[in-house]
Amino acid sequence: MKLLLLALPILVLLPQVIPAYGGEKKCWNRSGHCRKQCKDGEAVKETCKNHRACCVPSNEDHRRLPTTSPTPLSDSTPGIIDNILTIRFTTDYFEISSKKDMVEESEAGQGTQTSPPNVHHTS
């Protein structure tokens, strides 16, 4: 009976002392533990269920691992598609009228006078 009374407090206190028996869940890519309060040297990274904090050791750099790895490019030289995509589109539009065209228009326009040819530049 004395052995049972001695074993009962040990079984009750064991989950409080040893985290593996306490059922603390892993968080932050399995580098942290869900706790009510973080210990010294730990930082809160996110919140767990039941209003607990995800405590991660702050002396190490714990970053989330990417879910996918970047696809390596087989050819690093730019191709024709890259050149097409990087071209800035600028369009210059010129209206040029010659004296010959002006004379023909003036003769067809019943002798009206016209000014010298105008050159318009728009971009």
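Glycine too: its Cβ is placed from the backbone N, Cα and C atoms.
Bear in mind that the values here come from a model prediction, so they are computed numbers and not experimental data.
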Check: Choosing among CYS34, CYS38, which residue does Swiss-Prot name as bonded to CYS48 by a disulfide?
Finding: CYS34
Check: Which of CYS54, CYS55 is the other half of the disulfide bond that Swiss-Prot records for CYS38?
Finding: CYS55
Check: How many Å lie between the Cα of CYS55 (disulfide bond) and the Cα of CYS48 (disulfide bond)?
Finding: 10
Margin query: I'd like the Cβ neighbour count for CYS48 (disulfide bond), meaning other Cβ atoms within 10 Å of its Cβ, all protein chains included.
Written below: 20
Check: Can you check what DSSP calls CYS38 (disulfide bond), collapsed to helix, strand or coil?
Finding: coil
Checklist line | CYS38 (disulfide bond) versus disulfide-bonded residues CYS27, CYS48, CYS54 - nearest by Cα | finding: CYS54
